[in-house]
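See structure below.
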Amino acid sequence: MLFPTSAQESSRGLPDANDLCLGLQSLSLTGWDRPWSTQDSDSSAQSSTHSVLSMLHNPLGNVLGKPPLSFLPLDPLGSDLVDKFPAPSVRGSRLDTRPILDSRSSSPSDSDTSGFSSGSDHLSDLISSLRISPPLPFLSLTGGGPRDPLKMGVGSRMDQEQAALAAVTPSPTSASKRWPGASVWPSWDLLEAPKDPFSIEREARLHRQAAAVNEATCTWSGQLPPRNYKNPIYSCKVFLGGVPWDITEAGLVNTFRVFGSLSVEWPGKDGKHPRCPPKGYVYLVFELEKSVRSLLQACSHDPLSPDGLSEYYFKMSSRRMRCKEVQVIPWVLADSNFVRSPSQRLNPSRTVFVGALHGMLNAEALAAILNDLFGGVVYAGIDTDKHKYPIGSGRVTFNNQRSYLKAVTAAFVEIKTTKFTKKVQIDPYLEDSLCHICSSQPGPFFCRDQVCFKYFCRSCWHWRHSMEGLRHHSPLMRNQKNRDSS
């Protein structure tokens, strides 16, 4: 019997240490099966003078004379308990503990941890409500020790009360569902920070690869316009496709240094595969343009191609492949731009960005394809890197708004030629612009949907696209490579 009944209380007073020991042993708790006298003779003598009320305000370890536990001080033991439990009444020199034991907290009455009840089950109910996993956070300053069941019980009850409060607190989303007829201001969603602060950037990056997962809305098939070059000037960078799988950078340099000094660029190369080309192709960057000419002269090619595009092949070997033909794709600088009407003024607002271009597609061919599909093409340009080699994207300008919108609406076009088949992606060409909503912040995000078709800053994007029916819009951003390209 842990607590005496009311009849016994008047004659015996508060329980002594032996009664508490028997009660705690009946709970089958670890560490309570030993007599208290084995801890310390001095501390056991002092512990018998403590009352049950002092145990509620102090850790059990202090009552037993044990070193203090290394828990963080919990404020609810001081202030929260005073608010939740009525203050004990003073009767002479004794404190009556029955009001505390009979009191209830403000948590639901059906809860197992809603407070203490009268009788000998008080501490047993409290112990049974403890949550062992996950434990309450604490700082161990002395290397660990026994946990305070009273503090853990109060912390468990506080967690349930906070969860109950969160369950009844209406959120903006639940408010809009509860009253569907009410007009909810779009800035409701702005009160909650997005889970990922770069979610717009992530969506914009994903959109750049949209051609790989979307179906083409229209198809162009035919023969590319012929190419006639007179003393062409090449980029110092060439594409090398179909290289041996076991080739190394040193092997490439040894093979091609006979044409001049060069370096090797391996797209996708990382520390896991430092020896082999991860994608089966590399780029060779020569110091001089004449080195590219010498390489092309050493290649086998077919100059009688119907479209005038010669395919160059070079034979090389590796450690495990004695002879392998690799394809060499150079780039003529004149293929980077095509102007149909030199006197026509180019309007950036009627310019589209074309991505996922094939390496054999030059500016003139791109202009011819989009002019056949949409009409009104006056300019086409291929984006290049610092070596003036294509990076797989381009720009096309129209002379009328109708053709421009038709191209933007098409979005994905499949190009079929005798040499290759490629699906390209068409988006509005983006410039540096202020936000079209607030006109005070830069607008790096563009919405290509015809309902919006504006530049947005981050805040205005979240505000605008929090409205129902606009959340599916995909953002566009300028690619950093396009900023550095010429």
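Note that Cβ sites are derived from N, Cα and C of the backbone, with glycine treated the same way.
Source: prediction; values computed, not measured.
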Given Swiss-Prot lists C447, C452, H465 for Zn(2+) 2, the same-site residue among H472, H473: H473
Protein Cβ atoms within 10 Å of C452 (Zn(2+) 2 binding site), excluding its own: 17
Separation of alpha carbons, W331 (site 'Important for the positionning of RRM1 relative to RRM2') and C447 (Zn(2+) 2 binding site) (Å): 34
Local backbone state of C447 (Zn(2+) 2 binding site), from DSSP in three classes: strand
Model confidence over the domain 'RRM 1' (236-328), averaged pLDDT: 85
DSSP helix/strand/coil residue counts for the domain 'RRM 1' (236-328): 20 helix, 27 strand, 46 coil
